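Here's the structure, in structure tokens; my notes come after.
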Amino acid sequence: MTPKNIKDERKIVTAAISAGIILYLSKFLRPYFSDNNSALFILGFLPNLGLAFALPFIYVANRIRLNKPIKHFTISCVVTLFLMILNEIRDQYQSGRVFDWYDIFGSLGGVVFAFLVFNFVFKVNSGKV
């Protein structure tokens, strides 16, 4: 990897992580949309989608920071999805928490979107990772 490629990769990863965190922070907007069911539906799964999108890119950021090749992005996506599903299943057994299939679907969508973004941006633009 050349220094220019590393700079570009850092910018892309930073943007991906920032976008995921912004989507996650949408969970704090729910009280302001209590009358709008459509907005509540979207704000219900958006934090899971954002977090599932951002977490695999944290692995990428760490590999870039250590100047090592990114070999196991698919595994980081699978581990992220597994942990997000376990977190949602845990909600089923805790009082005051609600199990929601849409959160699992949002997590799946976030991981798939992260995988697609990674493959498009890193593999197409740099030729190889």
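Cβ from N, Cα, C; glycine included.
Taken from TrEMBL, the feature transmembrane segment covers 12-33 (among others).
Beyond the transmembrane segment (39-61), the same-chain residues lying 6 or more positions past its ends with a Cβ under 8 Å from any Cβ of the stretch are 9-10, 13-14, 16-17, 19-27, 29-30, 33, 70, 72-73, 76-77, 80-81, 83-84, 88, 100, 102-111, 113-115, 117-118, 122. Taken from TrEMBL, the feature transmembrane segment covers 39-61 (among others).
As annotated by TrEMBL, transmembrane segment applies to 73-89 (among others). Residues 48, 51-52, 55-56, 59-60, 99-100, 103-104, 107-108, 111, 114-115, 118, 129 of the same chain, all 6+ positions outside the transmembrane segment (73-89), place their C-beta atoms under 8 angstroms from a C-beta of that stretch.
What TrEMBL lists as transmembrane segment is 101-122 (among others).
Sequence-remote contacts of a segment are chain residues at least 6 beyond its ends whose Cβ falls under 8 Å from one of its Cβ atoms, and for the transmembrane segment (101-122) they are 9, 12, 16, 20, 41, 44-57, 60, 70, 73-74, 77-78, 80-81, 84-85, 88, 129.
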